[in-house]
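A.B. asks: Below are the features I grabbed from TrEMBL:
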- 15-134: domain 'Rhodanese' (DOMAIN)
- 164-273: domain 'Rhodanese' (DOMAIN)
Amino acid sequence: MSNLISVSEAYRLLGDPSTVFVDVRFVLGEPEAGYQAYLRSHVPGAVFFDLNADLSGPKQEHGGGHPLPDIARFGAKLGSSGIDNDTHVIVYDDQGGSIAARLWWMLKHVGHERVQLLAEGYTGWVRAGYPVTDELPNPALKVYEAEINAALKVGMDDVRSGLRRAGRTLIDARVHERYTGADTSKYAKAGHIPGAVNYYWEEGSPNGVFLGGEQQRLRFRNITQDDEIIVYCGSGVTACPNVLALIEAGYTNVKLYVGSWNDWISYPDNPIETGEA
């Protein structure tokens, strides 16, 4: 199963009792905007997951801006949304997959196989003329049994111990000005993790449409296929589209540094580079 699904393919699954659509629209800086948009209109039957409330845990001294939530709480949210281990889950947002890919990754992290990201997003669904509603669903209660796949993530210690290691590629998914350190407005420290290369996540979904595997392979053509690839961003969210893109491109050893830049700079002794790679 591809990690992507087109709106036309997804439409054919509308009303399928084994399929659940999940709306994860979210606007950084406007935490209520995504849910308000969902209340106005969404894919019929879609449930809503909130980035802060459902896809993140509480912030601490270390761990980054969007640490993972408690696994039991996440499993309970899945179950109360009508999702069990066999459910076909289709995730969508309206921001090029930047938020939806986080839920896609989290589902993969708990061992879920049947999850796809709506390539054209909610905007593409509406543009295609497919139905929307403001009616809230009443999903049947399910039980989700989460089984962590720890191979999909790394922590700070592993990143630091493997800096510039042969056979490892570190990818910074942030906009180029934040990677180089030219933009000092966002973080307490500017720059990137030493040795990281920059692939801005949004280049994988131009005009809000997620590119397929062949185009992603062209995008990542300078990365060795057999490398261990670690992807990070600012807080562990927009790295996820790059993780998905790399897997669609055929890379098989791709990991998320969940804490990302916010976590890295929370350790005063961690080295930082600025400028180009």
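Just so you know, glycine gets a Cβ as well, placed from its N, Cα and C.
Locate each feature and note its surroundings.
C.D. replies: Taken as a whole, the domain 'Rhodanese' (15-134) shows an average pLDDT of 98 in this prediction.
Taken through DSSP, the domain 'Rhodanese' (164-273) splits into 33 helix, 18 strand, 59 coil.
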A.B. asks: Taking helix as H, G and I and strand as E and B in DSSP, count the residues of the domain 'Rhodanese' (15-134) in helix, strand and coil.
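C.D. replies: Residue counts for the domain 'Rhodanese' (15-134) by secondary structure: 35 helix, 20 strand, 65 coil.
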